[in-house]
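Record features, source TrEMBL:
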- ASP28: active site (ACT_SITE)
- ASN76: active site, proton acceptor (ACT_SITE)
- ASP28, GLU215: Mg(2+) binding site (BINDING)
- 29-33, ARG41, HIS45, 73-75, TRP77, ARG79, ARG196, 202-204: substrate binding site (BINDING)
Amino acid sequence: MAEPDSTIDRLEDIPPADRPAHIAIIMDGNGRWATSRDLPRIEGHRRGVNTVRMISETCAELGVEAVTLYCLSSENWKRPQPELDFLMHLLEQYLVEERRTIMDQGLRLKVIGRRDRLPPGVIEEMDRTLEMSAANPGTQLVLAIDYGGRDEITRAARDLAIDVAAGKISADSIDEATFASRLSTAGLPEIDLMIRTGGDMRVSNFLLWQLSYAELFVTETCWPDFSRADFLSSIRQFKTRQRRFGGLNVNE
Ligand code: IPE
Ligand code: IPE
Ligand code: MG
């Protein structure tokens, strides 16, 4: 796949109608970024926060409705405890230190994933930022933390089964819209573009239901190096894609 043209960082040549409504990003390659520089892996995570800030600011400028960032997967708990401790520390720090940027950009924070395995300090700062930004009119900044697509789908199925057993809904009434309404992304636009940095061609349990017709963009660039120009270039490439959604092109 062609690497993005990292020389252009203007927004003007991306007309509003060509901008994705919802972008999802697998922010990968922090560890490799660090180890290739003889730095500890955590340094890559630390540097990655700058890219998160750039992405949220650029999405606000572009008027993207929602951007979902994969911060921690339900499988990432398999990592060594010191790395996990650092990630939790970084997350808490982000939620405090980026509050100003979130408010200045008019971003509305949303968090998806399990809450019950997160440290109380993270939950506390998260709830504070969620509450503070709840009425903001801008881009929804969705953080996927302890998130797993299979976990989310399993919970939705369980919820529906409970409601059927209780006689609240009939099994026959369950359709795709009902199912989607039980997912944590209910109410968000469909994902138009999914970006993965770090070069791996897989979805790693991210948004399994929601990615059905997303355009995929994978770049070898590691997350800490992913620039605003790279990001805009992925959006430019997105607008050249022919999206058929199973149908035919309009001129065929
Ligand atoms: C992504 O970077 C961040 C998290 C999963 C938290 P990695 O830590 O997976 O970096 P690599 O893939 O090992 O380079
Ligand atoms: C996906 O990256 C999770 C996040 C970016 C948070 P991983 O590094 O965990 O994915 P795998 O293990 O390479 O599939
Ligand atoms: Mg990785």
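Using the three backbone atoms N, Cα and C, a Cβ is placed for every residue, glycine included.
Overlay of TrEMBL annotations on the structure.
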residue: GLY29; record: substrate binding site; Cβ within 10 Å: 24
residue: GLY31; record: substrate binding site; Cβ within 10 Å: 20
residue: TRP33; record: substrate binding site; Cβ within 10 Å: 24
residue: HIS45; record: substrate binding site; Cβ within 10 Å: 23
residue: SER74; record: substrate binding site; Cβ within 10 Å: 19
residue: ASN76; record: active site, proton acceptor; Cβ within 10 Å: 18
residue: TRP77; record: substrate binding site; Cβ within 10 Å: 11
residue: ARG196; record: substrate binding site; Cβ within 10 Å: 23
residue: VAL203; record: substrate binding site; Cβ within 10 Å: 17
residue: GLU215; record: Mg(2+) binding site; Cβ within 10 Å: 19
Kindly point out which of the recorded positions ASP28, ASN76, GLU215 have a C-beta less than 6 Å from some atom of ligand 2.
ASP28, ASN76
Tell me whether SER74 (substrate binding site) sits in a helix, a strand or coil according to DSSP.
coil
Where ligand 1 binds, which of the binding-site residues GLY29, TRP77, VAL203, GLU215 are close by, with Cβ under 6 Å?
GLY29
ASP28 (active site), number of other Cβ atoms within 10 Å:
22
When you measure from each Cβ to the nearest atom of ligand 3, which of the recorded positions ASP28, TRP33, SER74, ARG196, GLU215 fall under 6 angstroms?
ASP28
So among HIS45, TRP77, ARG196, VAL203, GLU215, all listed as binding-site residues, which is physically nearest to ASP28 (active site)? Use the C-alpha atoms.
ARG196
Pairwise CA distance, HIS45 (substrate binding site) versus GLU215 (Mg(2+) binding site), rounded so that it is a whole Å:
26
Roughly how many angstrom lie between the C-alpha atoms of GLY29 (substrate binding site) and GLU215 (Mg(2+) binding site)?
20
So, in DSSP terms, is GLU215 (Mg(2+) binding site) helix, strand, or coil?
strand
What kind of secondary structure is GLY31 (substrate binding site) part of, going by DSSP in three states?
helix
